[in-house]
Amino acid sequence: METESTGTPTGETRLALVRRARRIDRILAETYPYAVAELDFETPFELLVATVLSAQTTDVRVNAATPALFARFPDAHAMAAATEPELQELVRSTGFYRNKASAILRLSQELVGRHDGEVPARLEDLVALPGVGRKTAFVVLGNAFGQPGITVDTHFGRLARRLGFTDETDPGKGRARRGRPVPPARDWTMLSHRLIFHGRRVCHARRPACGRCPIARWCPSYAAGETDPERARALLAYELKPGREELLELLRAGRTAGAAGPRPRAGGXAPGLPAQPFR
């Protein structure tokens, strides 16, 4: 619980929390240099639609469905003229396809009617769109426009609590907590990617692989899961999504996501987005 004297959930001083968070981010950046947006996209519109489709499913399933979807309806103008049955068939594999087809149709129509078919680059405009909440808006702002934003999904929220960055269980309240965020705003997007990636691979909800965690030394929740290194190894569940191996090789060679250049349906980092951990 956050205290009046320290202002942090762990009871450590604010300065100690900031230093620990910086160390954690540096280690995660070194461990996962390829942690970027997992949804494939080429335009802000594609990312917006893909993020809406990602609800209650995996990014892998969305990435399998979107090439055909965007080949037929490449922008808001084209999708706004689609019928719901057409969209339902194309997004069926993502689950809840009737609701999702309706959502992306209304979203496209609103973009055409209010923004001339362009995705707005302001938070207040994004959240005013049908089916777009703050999480989706921050994904788009951070990855399509290079504007800082923390993507609070289930992985990020779980890790933020385990690491003692917050004690809130409600993501909406977590944004409004007293005091300034631990990382500076410019680093929010990349920190989100790293924590989400770490949550998928190591820090699982039910049984985290503590014995294989690169930040175990700085985690106040160490021993919440399996601490034996060999047994923890068997729990590691995530490495790279299919098709990202070439990016890993480039990054290991010292090149950034931007240096890799565009590739078909690539998410990657937005132009100008910092690839280094905050300091």
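Every residue gets a Cβ built from N, Cα and C, even glycine.
Of all ranges given (160-183, 256-279), Swiss-Prot attaches the label region 'Disordered' to 256-279. The [4Fe-4S] cluster site, placed at the center of the C-beta atoms of C203, C210, C213, C219, has further neighbours from the same chain whose C-beta lies within 8 angstroms: R162, V202, P208, A209, I215, A216, S221, Y222, A224, G225.
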